[in-house]
Amino acid sequence: MLIEITCLLIIFIIAFLLTFILVPFSKKIGSKYGIFDSLNSRKVKKIKLVRIGGLAIFLGFFLSLLGFIFFQYISSFFIIEYRVLFVLVGLSLCFFLIGIYDDVLSLSPFKRLFLSFILACFAWNLGIDLNNIDISFLNLGFENIIFPNYLSLILTLIWLVGVTNAINWIDGLDGLASGCTGIMLSTFGIIAIQNNDYEYALISFALAGSSFAFLNFNFKPAKILMGDGGTYFIGFTLAFLSLLVSKNNQNILDFRVPLLTLFYPLVDMLRVIIVRFVKKKSLIYPDSNHLHHLLIRNNFSETSTVFILYGITICSSCLLLFIIF
(Lines of atoms letter the chains of each structure in order from A and count residues from 1; the text may use other names and numbers.)
(Lines give C-alpha, C1' and ligand atoms only; values in the text may rest on other atoms or scores of the structure.)
Protein backbone atom coordinates (compact mmCIF):
# COMPACT_ATOMS: atom_id res chain seq x y z
CA MET A 1 0.00 0.00 0.00
CA LEU A 2 2.96 2.34 0.59
CA ILE A 3 3.75 2.44 -3.15
CA GLU A 4 0.12 3.23 -3.99
CA ILE A 5 -0.13 6.03 -1.43
CA THR A 6 3.17 7.50 -2.65
CA CYS A 7 1.85 7.51 -6.22
CA LEU A 8 -1.35 9.23 -5.10
CA LEU A 9 0.63 11.87 -3.22
CA ILE A 10 2.72 12.48 -6.35
CA ILE A 11 -0.38 12.85 -8.54
CA PHE A 12 -1.83 15.31 -5.99
CA ILE A 13 1.36 17.40 -6.11
CA ILE A 14 1.59 17.29 -9.92
CA ALA A 15 -2.06 18.36 -10.33
CA PHE A 16 -1.50 21.12 -7.76
CA LEU A 17 1.59 22.45 -9.54
CA LEU A 18 0.08 22.25 -13.03
CA THR A 19 -3.04 24.11 -11.95
CA PHE A 20 -0.97 26.67 -10.04
CA ILE A 21 1.02 27.35 -13.22
CA LEU A 22 -2.05 27.42 -15.49
CA VAL A 23 -4.25 29.81 -13.46
CA PRO A 24 -2.33 32.96 -14.51
CA PHE A 25 -2.67 31.90 -18.16
CA SER A 26 -6.42 31.46 -17.71
CA LYS A 27 -6.56 34.92 -16.19
CA LYS A 28 -4.68 36.41 -19.16
CA ILE A 29 -7.00 34.69 -21.64
CA GLY A 30 -10.07 35.92 -19.77
CA SER A 31 -8.74 39.48 -19.58
CA LYS A 32 -7.80 39.51 -23.26
CA TYR A 33 -11.25 38.41 -24.41
CA GLY A 34 -13.26 40.24 -21.75
CA ILE A 35 -14.62 37.14 -20.00
CA PHE A 36 -15.58 38.71 -16.68
CA ASP A 37 -18.19 37.88 -14.07
CA SER A 38 -21.33 39.99 -14.24
CA LEU A 39 -22.18 42.32 -11.36
CA ASN A 40 -25.67 42.32 -9.85
CA SER A 41 -27.46 42.88 -6.55
CA ARG A 42 -27.18 39.27 -5.34
CA LYS A 43 -23.39 39.09 -5.79
CA VAL A 44 -21.33 39.64 -2.64
CA LYS A 45 -18.30 40.73 -4.68
CA LYS A 46 -18.66 44.09 -6.40
CA ILE A 47 -15.59 44.08 -8.68
CA LYS A 48 -15.17 42.43 -12.06
CA LEU A 49 -13.02 39.28 -12.16
CA VAL A 50 -12.13 36.82 -14.89
CA ARG A 51 -14.50 33.86 -14.58
CA ILE A 52 -12.74 31.04 -16.49
CA GLY A 53 -10.54 29.73 -13.68
CA GLY A 54 -12.22 26.37 -14.27
CA LEU A 55 -10.10 26.07 -17.42
CA ALA A 56 -6.93 25.82 -15.32
CA ILE A 57 -8.57 23.35 -12.94
CA PHE A 58 -9.70 21.08 -15.77
CA LEU A 59 -6.37 21.20 -17.63
CA GLY A 60 -4.35 20.66 -14.45
CA PHE A 61 -6.47 17.63 -13.60
CA PHE A 62 -6.51 16.23 -17.13
CA LEU A 63 -2.77 16.66 -17.78
CA SER A 64 -1.84 15.08 -14.44
CA LEU A 65 -4.03 12.06 -15.25
CA LEU A 66 -2.54 11.85 -18.73
CA GLY A 67 0.97 11.86 -17.29
CA PHE A 68 0.04 9.20 -14.75
CA ILE A 69 -1.49 6.94 -17.42
CA PHE A 70 1.72 7.22 -19.48
CA PHE A 71 3.98 6.25 -16.57
CA GLN A 72 1.50 3.61 -15.42
CA TYR A 73 1.69 2.07 -18.89
CA ILE A 74 5.47 1.70 -18.73
CA SER A 75 5.85 0.98 -15.00
CA SER A 76 2.52 -0.49 -13.70
CA PHE A 77 2.44 1.14 -10.27
CA PHE A 78 -0.89 -0.50 -9.42
CA ILE A 79 -3.91 -2.01 -11.11
CA ILE A 80 -6.57 0.47 -12.18
CA GLU A 81 -9.73 0.20 -14.24
CA TYR A 82 -9.15 2.47 -17.22
CA ARG A 83 -12.81 2.35 -18.25
CA VAL A 84 -13.73 4.40 -15.17
CA LEU A 85 -11.12 7.02 -16.03
CA PHE A 86 -12.25 7.30 -19.65
CA VAL A 87 -15.95 7.49 -18.75
CA LEU A 88 -15.31 10.16 -16.12
CA VAL A 89 -13.01 12.27 -18.29
CA GLY A 90 -15.42 12.08 -21.24
CA LEU A 91 -18.53 13.03 -19.26
CA SER A 92 -16.79 15.60 -17.07
CA LEU A 93 -15.38 17.22 -20.21
CA CYS A 94 -18.95 17.60 -21.49
CA PHE A 95 -20.08 19.19 -18.20
CA PHE A 96 -17.04 21.47 -18.30
CA LEU A 97 -17.93 22.55 -21.85
CA ILE A 98 -21.51 23.37 -20.78
CA GLY A 99 -20.16 25.53 -17.97
CA ILE A 100 -17.42 27.23 -19.97
CA TYR A 101 -19.89 27.98 -22.76
CA ASP A 102 -22.08 29.73 -20.20
CA ASP A 103 -19.05 31.61 -18.86
CA VAL A 104 -18.09 32.88 -22.31
CA LEU A 105 -21.34 33.21 -24.27
CA SER A 106 -24.13 32.66 -21.69
CA LEU A 107 -26.57 29.77 -21.60
CA SER A 108 -29.99 29.88 -19.95
CA PRO A 109 -30.48 27.85 -16.73
CA PHE A 110 -33.13 25.75 -18.49
CA LYS A 111 -30.78 24.79 -21.33
CA ARG A 112 -27.98 23.97 -18.88
CA LEU A 113 -30.37 21.80 -16.90
CA PHE A 114 -31.63 20.03 -20.02
CA LEU A 115 -28.11 19.24 -21.27
CA SER A 116 -27.11 18.06 -17.79
CA PHE A 117 -29.98 15.57 -17.69
CA ILE A 118 -29.00 14.23 -21.13
CA LEU A 119 -25.43 13.63 -19.97
CA ALA A 120 -26.67 12.07 -16.72
CA CYS A 121 -28.69 9.60 -18.83
CA PHE A 122 -25.47 8.54 -20.54
CA ALA A 123 -23.81 8.10 -17.14
CA TRP A 124 -26.67 5.89 -15.92
CA ASN A 125 -26.49 3.81 -19.10
CA LEU A 126 -22.77 3.28 -18.45
CA GLY A 127 -23.44 1.90 -14.97
CA ILE A 128 -23.12 5.01 -12.80
CA ASP A 129 -26.34 4.46 -10.91
CA LEU A 130 -28.38 4.41 -7.72
CA ASN A 131 -30.01 0.98 -7.66
CA ASN A 132 -29.14 -0.82 -4.41
CA ILE A 133 -28.82 1.19 -1.19
CA ASP A 134 -27.64 -0.12 2.17
CA ILE A 135 -29.85 1.24 4.97
CA SER A 136 -28.91 -1.30 7.65
CA PHE A 137 -27.69 1.56 9.89
CA LEU A 138 -31.33 2.68 10.27
CA ASN A 139 -32.30 -0.65 11.94
CA LEU A 140 -35.60 -0.92 10.06
CA GLY A 141 -35.59 -4.72 9.91
CA PHE A 142 -34.19 -4.93 6.37
CA GLU A 143 -30.71 -4.10 5.16
CA ASN A 144 -31.06 -2.62 1.69
CA ILE A 145 -33.46 -1.21 -0.90
CA ILE A 146 -33.30 -2.38 -4.51
CA PHE A 147 -34.89 -0.01 -7.02
CA PRO A 148 -36.45 -1.08 -10.34
CA ASN A 149 -34.67 0.29 -13.42
CA TYR A 150 -37.08 3.15 -14.08
CA LEU A 151 -36.79 4.40 -10.49
CA SER A 152 -33.02 3.89 -10.52
CA LEU A 153 -32.83 6.08 -13.63
CA ILE A 154 -34.94 8.86 -12.08
CA LEU A 155 -33.01 8.86 -8.80
CA THR A 156 -29.64 8.75 -10.57
CA LEU A 157 -30.53 11.69 -12.80
CA ILE A 158 -31.75 13.73 -9.82
CA TRP A 159 -28.61 12.89 -7.87
CA LEU A 160 -26.05 13.58 -10.61
CA VAL A 161 -27.67 16.81 -11.79
CA GLY A 162 -28.58 17.86 -8.24
CA VAL A 163 -25.06 17.49 -6.84
CA THR A 164 -23.55 19.19 -9.89
CA ASN A 165 -25.79 22.21 -9.38
CA ALA A 166 -25.39 22.15 -5.59
CA ILE A 167 -21.66 22.76 -6.05
CA ASN A 168 -22.44 25.52 -8.54
CA TRP A 169 -24.76 27.14 -6.00
CA ILE A 170 -22.17 27.32 -3.19
CA ASP A 171 -19.70 29.19 -5.39
CA GLY A 172 -20.75 32.55 -4.00
CA LEU A 173 -17.82 33.70 -1.86
CA ASP A 174 -14.07 33.88 -2.40
CA GLY A 175 -12.55 30.46 -1.77
CA LEU A 176 -15.77 28.79 -0.67
CA ALA A 177 -16.35 26.27 -3.47
CA SER A 178 -12.68 25.51 -4.14
CA GLY A 179 -11.90 24.91 -0.46
CA CYS A 180 -15.00 22.86 0.34
CA THR A 181 -14.69 20.69 -2.77
CA GLY A 182 -11.01 20.08 -2.02
CA ILE A 183 -12.03 18.74 1.40
CA MET A 184 -14.81 16.58 -0.08
CA LEU A 185 -12.53 15.13 -2.77
CA SER A 186 -9.85 14.31 -0.20
CA THR A 187 -12.48 12.49 1.88
CA PHE A 188 -13.55 10.40 -1.11
CA GLY A 189 -9.88 9.68 -1.81
CA ILE A 190 -9.27 8.38 1.73
CA ILE A 191 -12.34 6.13 1.53
CA ALA A 192 -11.27 4.86 -1.90
CA ILE A 193 -7.84 3.89 -0.51
CA GLN A 194 -9.51 2.02 2.34
CA ASN A 195 -11.60 0.10 -0.23
CA ASN A 196 -8.59 -0.52 -2.51
CA ASP A 197 -10.35 1.41 -5.29
CA TYR A 198 -7.23 3.15 -6.51
CA GLU A 199 -8.73 4.51 -9.73
CA TYR A 200 -11.28 6.43 -7.62
CA ALA A 201 -8.54 7.58 -5.26
CA LEU A 202 -6.49 8.72 -8.25
CA ILE A 203 -9.35 10.85 -9.58
CA SER A 204 -10.14 12.23 -6.11
CA PHE A 205 -6.63 13.31 -5.20
CA ALA A 206 -5.79 14.66 -8.65
CA LEU A 207 -8.83 16.95 -8.59
CA ALA A 208 -8.27 17.80 -4.91
CA GLY A 209 -4.78 18.98 -5.88
CA SER A 210 -6.23 21.16 -8.63
CA SER A 211 -8.91 22.58 -6.30
CA PHE A 212 -6.45 23.48 -3.54
CA ALA A 213 -4.07 25.05 -6.08
CA PHE A 214 -6.90 27.20 -7.39
CA LEU A 215 -7.77 28.20 -3.81
CA ASN A 216 -4.46 30.11 -3.67
CA PHE A 217 -5.82 32.49 -6.32
CA ASN A 218 -9.47 32.37 -5.26
CA PHE A 219 -9.31 33.01 -1.51
CA LYS A 220 -10.24 36.52 -0.38
CA PRO A 221 -9.36 38.76 -2.07
CA ALA A 222 -9.90 36.59 -5.15
CA LYS A 223 -7.83 37.24 -8.25
CA ILE A 224 -9.93 34.97 -10.49
CA LEU A 225 -13.23 33.06 -10.30
CA MET A 226 -13.88 29.39 -10.94
CA GLY A 227 -16.89 30.10 -13.13
CA ASP A 228 -19.54 27.64 -14.23
CA GLY A 229 -16.92 25.67 -16.16
CA GLY A 230 -15.14 24.89 -12.90
CA THR A 231 -18.20 24.28 -10.74
CA TYR A 232 -19.93 22.07 -13.31
CA PHE A 233 -16.76 20.05 -13.84
CA ILE A 234 -15.98 19.59 -10.15
CA GLY A 235 -19.66 19.16 -9.24
CA PHE A 236 -20.21 16.34 -11.72
CA THR A 237 -16.96 14.65 -10.71
CA LEU A 238 -18.08 14.72 -7.06
CA ALA A 239 -21.50 13.36 -8.02
CA PHE A 240 -19.86 10.63 -10.11
CA LEU A 241 -17.39 9.67 -7.38
CA SER A 242 -20.05 9.74 -4.66
CA LEU A 243 -21.88 6.84 -6.32
CA LEU A 244 -18.75 4.78 -7.03
CA VAL A 245 -16.73 5.29 -3.84
CA SER A 246 -19.81 4.44 -1.74
CA LYS A 247 -20.36 0.97 -3.24
CA ASN A 248 -19.00 -2.30 -1.86
CA ASN A 249 -18.01 -5.44 -3.77
CA GLN A 250 -21.69 -6.46 -4.03
CA ASN A 251 -22.51 -3.13 -5.73
CA ILE A 252 -24.50 -1.99 -2.67
CA LEU A 253 -24.24 1.72 -1.92
CA ASP A 254 -23.66 3.00 1.63
CA PHE A 255 -25.64 6.23 1.48
CA ARG A 256 -23.91 7.66 4.55
CA VAL A 257 -20.81 8.27 2.42
CA PRO A 258 -22.28 10.78 -0.07
CA LEU A 259 -24.73 12.29 2.43
CA LEU A 260 -22.07 13.17 5.01
CA THR A 261 -19.30 14.09 2.57
CA LEU A 262 -21.59 16.39 0.58
CA PHE A 263 -23.61 17.44 3.63
CA TYR A 264 -23.17 21.22 3.33
CA PRO A 265 -24.04 21.68 -0.39
CA LEU A 266 -26.92 19.19 -0.13
CA VAL A 267 -28.46 20.95 2.89
CA ASP A 268 -27.96 24.33 1.24
CA MET A 269 -29.67 23.19 -1.97
CA LEU A 270 -32.55 21.45 -0.19
CA ARG A 271 -33.21 24.49 1.98
CA VAL A 272 -33.12 26.90 -0.97
CA ILE A 273 -35.48 24.74 -3.05
CA ILE A 274 -37.98 24.47 -0.18
CA VAL A 275 -37.92 28.25 0.40
CA ARG A 276 -38.34 28.97 -3.31
CA PHE A 277 -41.20 26.48 -3.54
CA VAL A 278 -43.00 27.95 -0.51
CA LYS A 279 -42.58 31.49 -1.86
CA LYS A 280 -43.64 30.32 -5.35
CA LYS A 281 -40.38 31.45 -6.93
CA SER A 282 -38.51 29.82 -9.81
CA LEU A 283 -36.55 26.75 -8.69
CA ILE A 284 -33.77 27.21 -11.25
CA TYR A 285 -33.11 30.96 -11.33
CA PRO A 286 -30.60 32.31 -8.77
CA ASP A 287 -31.34 34.34 -5.64
CA SER A 288 -29.51 35.52 -2.52
CA ASN A 289 -30.94 33.04 -0.03
CA HIS A 290 -28.08 30.55 0.32
CA LEU A 291 -26.43 29.74 3.65
CA HIS A 292 -23.46 32.00 2.91
CA HIS A 293 -25.83 34.89 2.19
CA LEU A 294 -27.68 34.26 5.47
CA LEU A 295 -24.46 34.24 7.51
CA ILE A 296 -23.31 37.51 5.96
CA ARG A 297 -26.69 39.11 6.62
CA ASN A 298 -26.23 38.06 10.25
CA ASN A 299 -23.07 40.19 10.45
CA PHE A 300 -20.47 37.50 9.82
CA SER A 301 -17.62 38.68 7.63
CA GLU A 302 -17.02 37.01 4.28
CA THR A 303 -13.87 35.30 5.58
CA SER A 304 -15.60 34.12 8.78
CA THR A 305 -18.49 32.74 6.73
CA VAL A 306 -16.12 30.78 4.52
CA PHE A 307 -14.30 29.30 7.52
CA ILE A 308 -17.59 28.37 9.21
CA LEU A 309 -18.67 26.47 6.09
CA TYR A 310 -15.21 24.87 5.81
CA GLY A 311 -15.68 23.76 9.41
CA ILE A 312 -19.07 22.21 8.68
CA THR A 313 -17.59 20.33 5.71
CA ILE A 314 -14.61 19.10 7.74
CA CYS A 315 -16.82 18.02 10.67
CA SER A 316 -19.26 16.06 8.49
CA SER A 317 -16.36 14.39 6.65
CA CYS A 318 -14.58 13.50 9.90
CA LEU A 319 -17.82 12.11 11.31
CA LEU A 320 -18.13 9.87 8.25
CA LEU A 321 -14.53 8.65 8.55
CA PHE A 322 -15.06 7.97 12.27
CA ILE A 323 -18.19 5.92 11.49
CA ILE A 324 -16.78 3.78 8.69
CA PHE A 325 -13.23 3.15 9.94
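Quick reminder: no glycine exception, Cβ is built from N, Cα and C everywhere.
Noted in TrEMBL for the protein shown:
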{"type": "BINDING", "residues": "ASN168, ASP228", "note": "Mg(2+) binding site"}
{"type": "TRANSMEM", "residues": "6-25", "note": "transmembrane segment"}
{"type": "TRANSMEM", "residues": "52-74", "note": "transmembrane segment"}
{"type": "TRANSMEM", "residues": "80-101", "note": "transmembrane segment"}
{"type": "TRANSMEM", "residues": "113-133", "note": "transmembrane segment"}
{"type": "TRANSMEM", "residues": "145-163", "note": "transmembrane segment"}
{"type": "TRANSMEM", "residues": "175-194", "note": "transmembrane segment"}
{"type": "TRANSMEM", "residues": "200-217", "note": "transmembrane segment"}
{"type": "TRANSMEM", "residues": "229-245", "note": "transmembrane segment"}
{"type": "TRANSMEM", "residues": "257-278", "note": "transmembrane segment"}
{"type": "TRANSMEM", "residues": "306-324", "note": "transmembrane segment"}
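When each of 80-101, 113-133, 145-163, 175-194, 306-324 is scored by its Cβ pairs under 8 Å to the transmembrane segment (257-278), the top-ranked stretch turns out to be 306-324. Other Cβ atoms within 10 Å of the Cβ of ASP228 (Mg(2+) binding site), summed over all protein chains shown, number 26. If you count C-beta pairs under 8 angstroms between the transmembrane segment (200-217) and each of 6-25, 80-101, 229-245, the highest count goes to 6-25.
The stretch with the most CB contacts under 8 Å to the transmembrane segment (175-194), chosen from 52-74, 145-163, 229-245, 306-324, is 306-324. Outside the transmembrane segment (52-74), and at least 6 residues removed from its termini, the chain residues within Cβ reach (under 8 Å) are 7, 11, 14-16, 18-23, 25-27, 29-30, 35, 80, 82, 85, 89, 92-93, 96, 99-100, 103-104, 202-203, 206-207, 209-211, 213-214, 217-218, 224-234. Taking a C-beta cut-off of under 8 Å and a sequence gap of six or more, ASN168 (Mg(2+) binding site) has these contacts in its own chain: GLY99, ASP228, THR231, TYR232, GLY235. Sequence-distant contacts of the transmembrane segment (145-163), counting only residues of its own chain at least 6 positions beyond either end whose CB sits under 8 Å from a CB of the stretch, comprise 113, 116-117, 120-121, 123-124, 128-133, 135, 235-236, 238-240, 242-243, 258, 262, 265-266, 269.
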